[in-house]
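Asker: Quick one: structure below, then a few questions.
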Amino acid sequence: MSIVRMTDLDLSGKRVLIRQDLNVPIDNGQITSEQRITASVPTIKLALEKGAAVMVTSHLGRPKEGSWTEEDSLAPVATRLAALLGVDVPLVRDWVDGVDVAPGQVVLLENCRMNVGEGKDDETLARKYAALCDVFVMDAFGTAHRAQASTHGVIRFAPVAAGGPLLMAELDALAKALDNPAKPLLAIVAGSKVSTKLELLSNLVNKVDQLIVGGGIANTFIAAAGHAVGKSLNEPDLIPTANQIVADAKARGAEIPLPTDVVVAKQFLPDAQASVKSLDAVDADDLILDIGPHTAQRYAELIASAGTVVWNGPVGVFEFESFSHGTETLARAIASSKAFSIAGGGDTLAAVDKYDIAQEVTYISTGGGAFLEFLEGKTLPAVAALQARGQ
């Protein structure tokens, strides 16, 4: 990868602007999950240890450009960052035209989405950002799929543009999983709709050895194979697409194993009566809400023999206890597997937390939309810009 790495640079006495993803949930001024702040600390500490004058910025929510509001302010983040770093972290409100910061100090620059032109990747604004620093560090993988002034434009104009440790760890893990995977490569793609994961399925089917589909996506594939799905969530108009994906897999010698048993209910409710049925016994008024125990075991065996596992999406309605066993079985199989494993997506991370397997998954992507776009085979604007600067 041709990207300059922050870890390789001499930052002594340099003004370093770091774009982090500090977009944390805040309720009544209280941060409810500080994972992203905690994740940013090693990068900031490293820059300080290298003797840099450090400026950090991030977006928070979706404020209106050109107007400051308390609810969109990074003030609570500055307070928490100071506590984690053990140093003062002043919040600078008006910073586009210049920032006072000395080597060994760190300042937090107010929500960059408040700046006029940020969202449209305005060149004038990007050049102003670039003029603030000697080195720009992009460390926000979660926004790498957005071409904005603080994630893309500034990379073009900064004297030096580098990838930060968080961003590079994410790119290294994804490259290891997709570009040069230990075989067999198994992907789990689940979600409510084929339509939202169509590009993902179409890209992965050309790379994987096994593709496990789950949730509403699986129902469409089950229907495509000629089985009844009752009143389960599915997309009949995408049956030809599902058949094409299966045909593409077959042509490569890859496999899309379908469930042989499922867990059904008559209503979509947490306390609905759950029944395990073989796939050919699904009634017209049944809702398929999870994979059955035999299927879960079969999938777990595939995971056990995989060299690489990419996991995006729970295979059942795991929020409801009666329909969580399929997802739990696969989660525990991934945890005990020797495979290189990468998990990403909001619901997937919730499942990782629920079954407490974060330590056992090789790499957990916090990228969200950027993670999905990478899996879809798309070029992320920030990554492309960093690669262009690294040539």
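Each residue, glycine too, has its Cβ placed from N, Cα and C.
Here Swiss-Prot flags Asp21, Leu22, Asn23, Arg36, His59, Leu60, Gly61, Arg62, Arg113, Arg146 as substrate binding site. The ATP binding site annotation in Swiss-Prot covers Lys197, Glu319, Gly345, Gly346, Asp347, Thr348 and is backed by sequence analysis.
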Asker: Using a Cβ-Cβ cut-off under 8 angstroms and a sequence gap of six or more, which residues of the chain neighbour Gly345 (ATP binding site)?
Answerer: Asn312, Gly313, Ser365, Gly368, Phe371, Leu372
Asker: Counting only residues 6+ apart in the same chain, whose Cβ is under 8 Å from the Cβ of Asn23 (substrate binding site)?
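Answerer: Arg36, Ser58, His59, Leu60, Gly61, Gly142 - these are the non-local Cβ neighbours of Asn23 (substrate binding site), listed in sequence order.
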Asker: Out of Asp21, Glu319, Asp347, which of the binding-site residues has the smallest number of neighbouring Cβ atoms within 10 Å?
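Answerer: Output over binding-site residues Asp21, Glu319, Asp347: least Cβ neighbours within 10 Å is Glu319.
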Asker: Using a 10 Å cut-off, grab the number of neighbouring Cβ atoms around the Cβ of Thr348 (ATP binding site), all chains included.
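Answerer: Thr348 (ATP binding site): 23 neighbouring Cβ atoms within 10 Å.
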Asker: Taking the binding-site residues one at a time (Gly61, Gly346), which has its Cβ surrounded by the most other Cβ atoms within 10 Å?
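Answerer: Answer by Cβ density within 10 Å: Gly61.
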Asker: Within a 10 Å radius around the Cβ, which one of these binding-site residues has the most neighbouring Cβ atoms: His59, Arg113, Lys197?
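Answerer: By the 10 Å Cβ neighbour count, His59 comes out on top.
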